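Record features, source TrEMBL:
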DOMAIN    7-122  domain 'Tetrahydrofolate dehydrogenase/cyclohydrolase catalytic'
DOMAIN    141-293  domain 'Tetrahydrofolate dehydrogenase/cyclohydrolase NAD(P)-binding'
BINDING   GLY168, ARG169, SER170, ILE234  NADP(+) binding site
Amino acid sequence: MSEATLIDGRAEAEALRARVAADVAELKARHGLVPGLAVVLVGEDPASEVYVRSKGEQSRAAGMHSVTHKLPADTSQADLVNLVRQLNADPSIHGILVQMPLPPGLDEKAVIEAIDPDKDVDGLHVVNAGRLSQGLPSLAPCTPVGCMILLRQTLGDNLSGLRAVVLGRSILVGRPVAQLLLQADCTVTIAHSRTRDLASVCREADILVAAVGRPRMIPGDWIRPGATVIDVGINRVPFDDPAKAAEGRTKLVGDVDFKSARRVAGAITPVPNGVGPMTVACLLANTVTAARRIRGV
Ligand code: NDP
């Protein structure tokens, strides 16, 4: 059997950013509306700083209004919630993202619930999760939206009747991607750490979405021949080459064992450059959606 087609998340994200930039230009020209994204970073987690910088750069590159609020790690819950409320009331801001994880002592759930659901571009507020689960218009979490774009790009717009298996049930990825697949009329199974005979469950999937956070957990022989595999996992592991590993060098791998999976699947996302680049591009798209809905255009 020939090798699976590679799903190029980097190219797809670039195309989406270009569509967002065109939308932003149109909103400016026709309605004088500049979509605005506020990103809040608390503390100095190096990975979070990288993500926040890239969100700011990409939103500015798309022509959006972009502000970043950097707060010290010892910020109080009350001060953080206060900032969120100010952003809720700020008419130049249409999307609010508080970068997770928050430093110890801060209540993430309470901070998310303080965000105006109409500006919740991360799609984590219970109101948006509820709207999504009822099939109502919502702001859905960015990574799951990115997974759906990659699936439609690969399989076409009609996913109706396909059997989809989602590994993982987190609020950030597993649950919302399952809801989006259901909205697309797939027959959806959500598997998790208590699922029995995971291999057989996975083998039923026409679409397999892996969001587990365990490096290379899913081998090729769990995959149905020809299936489309979306690997959300981002795991840092030592290099296979013992010499490089001994130098402490690491690399990123997914939840799927790419090498064996590629021999069985019909199409597969690589890690890196699969789902990863879609997340920020979808954040920009969600901000444009939020701006349109808030302004009613
Ligand atoms: P969580 O840790 O919140 O959730 C992991 C899920 O996997 C849980 O539902 C858990 O089940 C399930 N799970 C864990 N171990 C097993 C197992 N052995 N068998 C079956 N299921 C298992 O992770 P996230 O959803 O936040 O993230 C998942 C992965 O996606 C991570 O690698 C993360 O880095 C990556 N990620 C990538 C993004 C991107 O932009 N590409 C964005 C967000 C995340 P249970 O509920 O029973 O504990």
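Each Cβ is built from the backbone N, Cα and C atoms, and glycine gets one as well.
Given the structure is predicted, the values throughout are model-derived calculations rather than measurements.
Mean pLDDT for the domain 'Tetrahydrofolate dehydrogenase/cyclohydrolase NAD(P)-binding' (141-293) in this predicted model: 97.
Taking the Cβ of ARG169 (NADP(+) binding site) as reference, residues of its chain lying under 8 Å away and at least six apart in sequence are, in sequence order, ARG175, ALA178, ILE190, HIS192.
Other Cβ atoms within 10 Å of the Cβ of ILE234 (NADP(+) binding site) number 17 in total over all chains. Each residue in the domain 'Tetrahydrofolate dehydrogenase/cyclohydrolase catalytic' (7-122) gets a DSSP state, and the totals come to 62 helix, 18 strand, 36 coil. Cβ neighbour count for GLY168 (NADP(+) binding site): 23 (other Cβ atoms within 10 Å of its Cβ, all protein chains included). Counting every protein chain shown, the number of other Cβ atoms lying within 10 Å of the Cβ of SER170 (NADP(+) binding site) is 16.
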